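K.L.:
Swiss-Prot lists these features:
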ACT_SITE  Asp7  active site
ACT_SITE  Glu67  active site
ACT_SITE  Asp140  active site
BINDING   Asp7, Asp140  Mg(2+) 1 binding site
BINDING   Glu67  Mg(2+) 2 binding site
Amino acid sequence: MIILGIDPALGSLGWAVVAKETAQLKYLASGIIKTNSKDAIHHRLAFINSTLEKVILEYQPNMAAIEETFVNTNSVTSLKLGYARGAIMSLIGRYNLDMREFKPNTVKKTVTGYGHAEKDQILHMIKLLLPGTFLITNSDEADAVAIAYTCLVTKNY
């Protein structure tokens, strides 16, 4: 089972690919997709899609796991995040991948044991839980690893 974990965002999206081989979890790859806030939103969404599409084609995941979002007090920010999620979900659908969504607190609790963990705690724990993640320093990338990890360890596939 290969999971593509996604921490959705318009400015800095995190992605990660984690596999389960028998009882062993294996980190395969991760990264961030940064877009320029000065670019038109449709160009930013297209860049996110084309970059994630390359990840899907290279790693051939069976499923995508994406973090659910909360409604921010800034409605414009929430709307833009909704655009990004819609574009990502459309790509997931186009490749006929199953998809699971996880609440941020569920991911935090699964990875750290505490549903209100801070970003640095998540980063620390994924480095302990998944060999190969020691070079990750970006919290968006770490969150994507944590989302994929949550999908695999909760057997939500």
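Any Cβ shown, glycine's included, is placed from N, Cα and C.
Source: prediction; values computed, not measured.
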K.L.:
Ten-angstrom check, please: count other Cβ atoms within 10 Å of the Cβ of Glu67 (active site), all chains counted.
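P.N.:
Taking every protein chain into account, the count is 23.
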K.L.:
Reduced to three states, what secondary structure does DSSP give Asp7 (active site)?
P.N.:
strand
K.L.:
How many whole Å apart are the CA atoms of Glu67 (active site) and Asp140 (active site)?
P.N.:
11
K.L.:
Give the distance between the Cα atoms of Asp7 (active site) and Asp140 (active site), rounded to the nearest whole Å.
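P.N.:
Pair distance, Cα basis, whole Å: 6 Å.
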K.L.:
Which residues in the same chain, at least 6 apart in sequence, have a Cβ under 8 Å from the Cβ of Asp140 (active site)?
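P.N.:
Those within reach of Asp140 (active site), by Cβ under 8 Å and sequence separation of 6 or more, are Asp7, Ala9, Ser12, Leu13, Gly14, Ile32.
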K.L.:
Mind giving me a neighbour count for Asp7 (active site)? Other Cβ atoms within 10 Å of its Cβ, every protein chain shown.
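P.N.:
Within a 10 Å radius of the Cβ of Asp7 (active site) lie 25 other Cβ atoms.
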